[in-house]
Amino acid sequence: MSKKASIGVTGLAVMGRNLARNLARHGHTVALHNRSEERTRSLVEQFGDEGDFIPAYSAQEFVDALERPRQIVIMVKAGGPTDAVIEEFAPLLEPGDVIVDAGNAHFADTRRREKALRERGLHFVGTGVSGGEEGALNGPSIMPGGSKESYESLGPLFEDISAKVDGEPCCTHIGADGAGHFVKMVHNGIEYADMQLIAESFDLLRGAAGYAPAEIADVFRTWNTGRLDSYLIEITADVLKHVDAATGKPFVDVVEDAAEQKGTGRWTVQIGLDLGVPISGIAEAVFARSLSGSKPLRSAAQGLGGPSRAPLTGAALETFADDVEQALYASKVVAYAQGFNQIQAGASEYGWDIDLGRVASIWRGGCIIRAKFLNDITAAYADEPGLPTLLTSGGFRKAVEDAQDSWRSVVSTAVKLGIPTPGFSTALAYYDGLRADRLPAALVQGQRDYFGAHTYRRVDREGSFHTAWATEDRTESPS
Ligand code: 6PG
């Protein structure tokens, strides 16, 4: 009998192709399938010497090439195409077989698909995969959801091909049904926030301190040797150093300033709203992209008045880059704290048992937000698994407290000079909101009770109350 494959990949565009090659390079026999045969053929032609591939040119041939339990990784466009591929393969599979969706699916779709396939005796594993094309080939961060049982067969394969940090795989079973895709969604939300904060740092260094892009690249390279050491800072320095060959201008000056988005950041914010979790750093990052893309609105607003202050000079200029580093660090802690709180809220809403320390640990390598900083988050949750927010954990608390003078000064410089810093500003407002002893929400409750008899609770007595605002004596009664 001919050799069977331990796993199959269907959907051989660049991500699927690279995952298949990664699996083969690690010694696993991989069955290959694609809607158009050409992609299957060209993968084998170009990369056939990297490992054992079994090309299949029909769904049945693909399924027959797999050992049991069959494990099929689907790497196609999220939405309808994923449903179509599932429907193509599910009827050919047998109880206990596993279908893996490694695309960026919405976790609610994953929950729906998992339930439907479970009823047909199949395992469905929605898996977050981060790291782009390069990660898929050389070691991504992998976030599988689905049943524990499916992880028993799939886990060793995925751990094998994932990135490794200190010898540990950047892959862990996240939790049941849609947990993997939920965590990947929040990863992307944090990615948006992190990118926005870095972009604001660039804008400040240029607008307030007058640095050229190449000089800012050097500043980022220096930061990348310290606590901000991360993939995103590293690539930012490369992008800023790059000079456009056609014009000789900095690359960043010839690119249209309208940031696009595929949708995972928007999902994160929508779900944050549904769960009632203040993920303002992620939300501002999504809105900043929307604002950048609102071309007619922006052109109508050209010429609106702004402050007439001159950029920084003297001592303020000298310390400014350090101040921005502190502001970036503190704002980043806030964005991650909010993201982890969202995972916590999702876990409690959907009944997932998610280990936040493990999530931080598998984000240390392979993924887009990989950073030295995630070692500290891993350690914070190891010290205190029930940590309410990263901001109160020892190391972060001290670092943010120490950073706050610079943080406040950077935000006020931005405000005075009219440089938009929604990410820095909202992070600081969140920090001040959280640590406030009393919030003006008491007044909001008064307003709600006044116009809508919505009632309020008192600080000194149990129960709900209403004040008869329309009467002369404004008597209060329990409601
Ligand atoms: C990753 C990335 C990846 C992709 C995002 C970017 O983790 O590998 O997050 O999933 O780059 O889809 O999305 P936007 O187009 O929305 O910026």
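Glycine is treated like the rest: Cβ placed from N, Cα and C.
Curation plays no part in TrEMBL annotations; they are all automatic predictions.
Keep in mind that this is a model prediction, so the values were computed, not measured.
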* To do: Please state which member of Lys148, Lys164, Lys262 TrEMBL lists alongside Asn104, Ser130, Gly131, Gly132, His187, Asn188, Tyr192, Arg289, Arg448, His454 for binding substrate.
  => Lys262
* Cβ under 6 Å from ligand 1: which of the recorded positions Met15, Lys184, Arg289 qualify? -> none
* Among Lys184, Arg289, His454, which are recorded positions, the residue with the most C-beta atoms within 10 angstroms of its C-beta -> Lys184
* Name the secondary structure element type, per DSSP in three states, that contains Gly11 (NADP(+) binding site). => coil
* To do: Enumerate same-chain residues with a sequence separation of six or more from Tyr192 (substrate binding site) and a Cβ-Cβ distance below 8 A; give 'none' if the list is empty.
  => Gln261, Gly265, Thr268, Ile282, Ala285, Val286, Arg289
* Mean predicted confidence [pLDDT] for the domain '6-phosphogluconate dehydrogenase C-terminal' (180-470) -> 97
* Structure fact -> In the three-state DSSP scheme, Glu191 (active site, proton donor) belongs to helix
* Go through Ala13, Met15, our binding-site residues, and report the one whose Cβ sees the most other Cβ atoms within 10 Å. => Met15
